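S.K.: Okay, these came from TrEMBL:
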DOMAIN    62-285  domain 'Anoctamin dimerisation'
DOMAIN    288-871  domain 'Anoctamin transmembrane'
TRANSMEM  299-326  transmembrane segment
TRANSMEM  377-397  transmembrane segment
TRANSMEM  460-487  transmembrane segment
TRANSMEM  507-528  transmembrane segment
TRANSMEM  555-573  transmembrane segment
TRANSMEM  671-694  transmembrane segment
TRANSMEM  722-746  transmembrane segment
TRANSMEM  826-847  transmembrane segment
Amino acid sequence: MQMMTRNVLLEADLEEDDDEDGDIVLENFEQMIIPNFGSLENQQDFQTPEFEEFNGKSDSLFFNDGQRRIDFVLVYEDESKKETNKKGTNEKQKRKRQAYENNLICQGLQLEATRSVLDDKLVFVKVHAPWEVLCTYAEVMHIKLPLKPNDLKTRSSAFGTLNWFTKVLQVDESIIKPEQEFFTAPFEKNRMNDFYILDRDSFFNPATRSRIVYFILSRVKYQVMNNVAKFGINRLVNSGIYKAAFPLHDCTFGCQSEDPSCPNERYLLYREWAHPRSIYKKQPLDLIRKYYGEKIGIYFAWLGYYTQMLLLAAVVGVACFLYGYFNQENCTWSKEVCNPDIGGQIIMCPQCDKLCPFWQLNITCESSKKLCIFDSFGTLVFAVFMGVWVTLFLEFWKRRQAELEYEWDTVELQQEEQPRPEYEAQCTHVVINEITQEEERIPFTTCGKCIRVTLCASAVFFWILLIIASVIGIIVYRLSVFIVFSAKLPSSTNGTDPIQKYLTPQMATSVTASIISFIIIMILNTVYERVAIMITDFELPRTQTDYENSLTMKMFLFQFVNYYSSCFYIAFFKGKFVGYPGEPVYWLGKYRNEECDPGGCLLELTTQLIIIMGGKAIWNNIQEVLLPWIMNLIGRYQRVSGSENTTPRWEQDYHLQPMGKLGLFYEYLEMIIQFGFVTLFVASFPLAPLLALVNNILEIRVDAWKLTTQYRRMVPEKAQDIGAWQPIMQGIAFLAVVTNAMIIAFTSDMIPRLVYYWSFSIPPYGDHTYYTMEGYINNTLSVFNVMDFKDKSKDNPYTGLGNYTTCRYRDFRNPPGHPQEYKHNIYYWHVIAAKLAFIIVMEHVIYSVKFFISYAIPDVSKSTKSKIKREKYLTQKLLHESHIKDMTKHMGVIAERMGEVADNSLRPKLE
């Protein structure tokens, strides 16, 4: 293979700006190329693609000759037809583009240019990779290709075993045929005869061809500036030299192609996957993987499996919700709150200074009824169930993922992955590899790496502090606006006004604060996305997997604090440190800490979850569906074209929306945030899995519709698993046990009710002769003497608000006149002991079950392990036998020649 060639580069000497002028030079550099494709003899002559007129075949995926397949399309605006030319920018861009296209031709790619049918300013450069180029780079990229058909895999169909019940859910195999399975091995040109090559045109499928061409496009240089090479199609697109670069869809999604050789995979995916009528069917994962690549395929496989597992969680959650709903009439403590003779006679202390009035307990009647639904025994059962469910989901997903690795041939994917071109460009430091003891290049020294990591960590930490500051701002808002609502909203209820029943100061404060919190979350989220990408680019990970994993951890750490901080505040901090009316606790010495509703903060946490989960789902659907659809709609109306013009396939795809390099990353992030809501706070909202299930059923089809109809085809990428999202889910699952145990113990009133029922309703602490919940409300509200309010000004702030001598407040303290008045009573210490004991027991029980399940369920099933080992053995045997056969053949030829030579030398002597 020829390792040295002369490619046209542009030399720029001074500035870093991509628009800086430069001279055309011949630059010698080591770069692997295809032999016998030549190089430039004259440094001023560019090899440029030939211009061809559109042949009128709108469904064609080939050059005008009908033989060479289009593997990639580059789009640029003709520099000579641009309206503006600031400082000769157009000429500079043209020279860079011509140098780049020349170097693509030097790499062996074939180019053909065609002007746009709709806009003559646009030029489409079609790229074709010949057989020699594909073979060379398949070896460079260690792409695994078929050796022989595989007879080991015993799946009866591509979509699972059919029976009378599941047949309706399956994709019809007469429409989408199962893929043939092969033994595979990394491709080697010198062993080409060992591979299963029936037809050169079909040996490399379209997805593999696009991967290879994109690999070349990403690494071809076009300019040298200050001894630093500039290269790659991504940089050219970002600088505006090219407007787009993408592989082609194989047909329109609405109808089949007129070309009989077209597989119509996009049409099949739309019909059997993305169309609303297929919402109940299983996903055609093999076809998704074949058309979009393993990376897209593994995402939809994970999302589909997660959705299936949510079905069980949703059924149990609905059962627990219904249990609470139908038993709310038996909720004794809620009846006491609503009873005019009990709750109506209990006067509660003001919850803020000066402006807040005394109020009757029964104005919280409706909220106490709703609280009975969620704060029931079913909540405890569901929290324990979800701790086990999340472990089952993660363990069974690992097994399913291992099966997909085998079926999709990604078991040894790490050997295929190449360094990112951005990483390779910065490799200027030479070090000795500890393993091979050979020289290799790295982008920075150990000290430089430490500096980069420190700067990146500091930036992430700064943004997390910014989120915490916003949460504190929301808390201050709650404290401030609660005073206003308490002064404006009625302090008693007459039972006739329906709005008055629900619009309490606590509810009004909670809803408005939740909406503001959601708006702040979305704003910070939008800004931080760009910051995280900048930080990760600066960190310079080696491979694309390393890049995505690094970005994933940064984004999720930020999103975790961003989305969950308000929920953690309501669940574990609000109402926990308020003091008592005589000595309230103040924030910043000014704002009095807000208290929970007399029924607790659980209902407010439920409200927060509903608003954030619902708002996030609506916002994401607007972003994912409505915006691309509107953009494509506007684009169609803006085109200067008549309806009589026939538009080629590449131009139709150009007017679709670009998916973006991190498009799939945001899909994962959206689902993992939802996974956190479903698991971390599920004790407060048993219907969360049901909402997630409905959302995910729609999400799968919406994402499918978006990919097949609204977006250009993405460059197919390999992926072995879901990457860093797996350990993130495991971390969430581990934390969920703690959060749900603490929600039940500290946020709900389940433990105080149980303590009262079993200990304080009967002697020696209670007056009842049997276990009962009667008297619970009176027992859990402490008494305060109005005369003991501290006079923070010259006048008592509560004079004139009513002729009350005592009021009640939510706490377990001794009454006035007691030797230890306003100190915590014996009930308080019983409750604290019970809460701590509950947390310890619940955590240990669930963790024990989780660890047992993790141990009992292996990550890779025994059958899958056997298949992998068997396939590896047969593949090695096949290659070895082929090698022995070749050696035997060559040795036979050599022996025959030696025999002929011996005969020729002996014959004269015998004569």
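Cβ atoms are placed via backbone N, Cα and C, with glycine included.
Those TrEMBL annotations? Automatic predictions, nothing curated.
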S.K.: For the transmembrane segment (671-694), which partner among 299-326, 377-397, 722-746 gives the most CB pairs under 8 Å?
M.R.: 299-326
S.K.: What stretch of 377-397, 460-487, 722-746, 826-847 shows the most Cβ pairs under 8 Å to the transmembrane segment (507-528)?
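M.R.: Against the transmembrane segment (507-528), the leading stretch is 460-487.
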S.K.: State the residues, same chain only, that lie 6 or more residues beyond the ends of the transmembrane segment (377-397) and have a CB under 8 A from a CB inside it; answer 'none' if no residue qualifies.
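M.R.: Those are 302, 305-306, 309, 312-313, 316-317, 319-321, 323-324, 678-679, 682-684, 686, 689, 726, 729-730, 732-733, 736-737, 740-741, 743-744, 748, 750, 842, 845-846, 849-850, 853-854, 857, 859, in sequence order.
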S.K.: For the domain 'Anoctamin dimerisation' (62-285), would you mind checking the mean pLDDT of the predicted model?
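M.R.: That stretch averages a pLDDT of 84.
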S.K.: Mind checking which residues reach the transmembrane segment (555-573)? Cβ under 8 Å, same chain, six or more beyond either end.
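M.R.: Distant Cβ neighbours of the transmembrane segment (555-573) are 460, 463-464, 467-468, 471, 474-475, 514, 517, 521, 524-525, 528-529, 532, 601, 604-605, 608-609, 612, 616, 665, 669, 672-673, 676-677, 680-681, 684, 724, 728, 739, 742-743, 746-747.
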